[in-house]
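Working notes, beginning with the structure itself.
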Amino acid sequence: MTITQDTLKKNNEAQKDIRTFVMKCGGSTLAALPDAFFEDLQKLQAEGMQPVIVHGGGPAISENLAKLGIETEFVNGLRKTTEPVLDVVEMVLAGSINKQIVRRIQSSGGKALGLSGVDGGLIQAKPVSNHAEVGHVGDVTRIEASIIQGVLDMGYMPIIAPIGIDGDGQRYNINADTAAGAVASHLGASRLIVVTDVPGIMKNVNGVKKVLGTVAVQEIQDMIQTGEIYGGMIPKVKAAIECIQGKVKEVIIVDGSEPSVLSRVLQGEVIGTRIVRM
Ligand SMILES: Nc1ncnc2c1ncn2[C@@H]1O[C@H](COP(=O)(O)OP(=O)(O)O)[C@@H](O)[C@H]1O
Ligand SMILES: CC(=O)N[C@@H](CCC(=O)OP(=O)(O)O)C(=O)O
């Protein structure tokens, strides 16, 4: 039997599809994540999975801005980002938070390499359409997927801080959910796992709050309209809707404090909320 180059390429792509997943880790849950979460991540890496991590850090940015006496406010879930705010955003995300995650993975025996979206032009960005109102906030135009792939090929988990850059060297503050969705899309990953501080998308059903197991795009749009999805959940579901139009097959929103949550999601256990194409 002769194996053609084409078959080999297809097999490699199928393998990559199964092994690579993107995980977004929200600032809401980072500090509270137990060591067991990072041990689970390390176990997955040791088993041959290739996690790519994009992290947030909203609460830590707000805390540091408050300490420095710099005012901060959000417009539709996006932080108004002036030049002094941008300095703090970069310092916190690419500095302390990124390195904290790298350290915790390394302490669990995993291999991690921290990057910001500025490094190697990893996250290329342009101003958001309402930049006059929100300042230096960016939308992703391109992800330099070869850098991520190179880090994975060296056996490390890329840990990515959501700062973008454009051709003129201007930096942008990018919402971490938006950045994670773009990384998953451009990388051709089949899954994006969003780790946060709630067990999924919750809905009031007959006066009882329930976690939706699976949710389709139309229901999400209705829930944004009625205000049942608000605040920090909005950029998550918007990023999810955008990336499931492409190669990403599902976005799963889960609570980081659930034991072995990543392994359980990857084994197909019904946990959290799955946003799927329907
Ligand atoms: N329908 C919903 N179900 C669950 N959480 C929701 C919903 N709508 C809004 N939220 C809010 O979204 C928050 C998660 O977003 P956010 O605080 O930005 O987290 P992260 O830092 O993980 O990105 C929850 O803590 C909750 O307050
Ligand atoms: C433009 C914008 O709002 N950027 C976010 C980036 C961090 C983030 O998204 O962190 P979480 O995932 O913890 O919310 C911010 O400045 O807070």
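For all residues, glycine too, the Cβ spot is worked out from N, Cα and C.
As given in TrEMBL:
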- 20-255: domain 'Aspartate/glutamate/uridylate kinase' (DOMAIN)
- Lys24: site 'Transition state stabilizer' (SITE)
- Gly57, Gly58, Arg79, Asn173: substrate binding site (BINDING)
- Lys236: site 'Transition state stabilizer' (SITE)
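Selection of the recorded positions Lys24, Gly57, Asn173, Lys236 by a Cβ distance under 6 Å from ligand 2 yields, in sequence order, Gly57, Asn173.
Long-range neighbours of Gly57 (substrate binding site) (same chain, six or more residues apart, CB within less than 8 Å of its CB): Gly27, Leu30, Val92, Leu93, Ile97, Ala161, Ala176. Between the CA atoms of Lys24 (site 'Transition state stabilizer') and Lys236 (site 'Transition state stabilizer') there is a gap of 10 Å, rounded to the nearest whole number. Following the DSSP three-state reduction, the secondary structure of Gly58 (substrate binding site) is helix. In three-state terms derived from DSSP, Lys236 (site 'Transition state stabilizer') belongs to a helical segment.
Binding residues for substrate (Gly57, Gly58, Arg79, Asn173) extend across at most 12 Å, taking the greatest CA-CA distance. Most Cβ neighbours within 10 Å, among the recorded positions Lys24, Arg79: Lys24 holds that distinction in the structure as shown.
A sphere of 10 angstroms centred on the C-beta of Gly58 (substrate binding site) encloses 21 other C-beta atoms.
Listed in sequence order, the residues of the same chain lying 6 or more apart from Asn173 (substrate binding site) and placing their CB within less than 8 Å of its CB are Arg79, Thr81, Val85, Leu86, Val89, His136, Val137, Gly138, Pro162, Ile163.
Shown in sequence order, Gly27, Gly56, Ile61, Ser62, Val89, Val92, Leu93, Asn175, Ala176 are the same-chain residues outside Gly57, Gly58, Arg79, Asn173 whose Cβ sits within 8 Å of the Cβ centre of the substrate site. In this structure, the CA atom of Lys236 (site 'Transition state stabilizer') is 14 Å away from the CA atom of Gly58 (substrate binding site).
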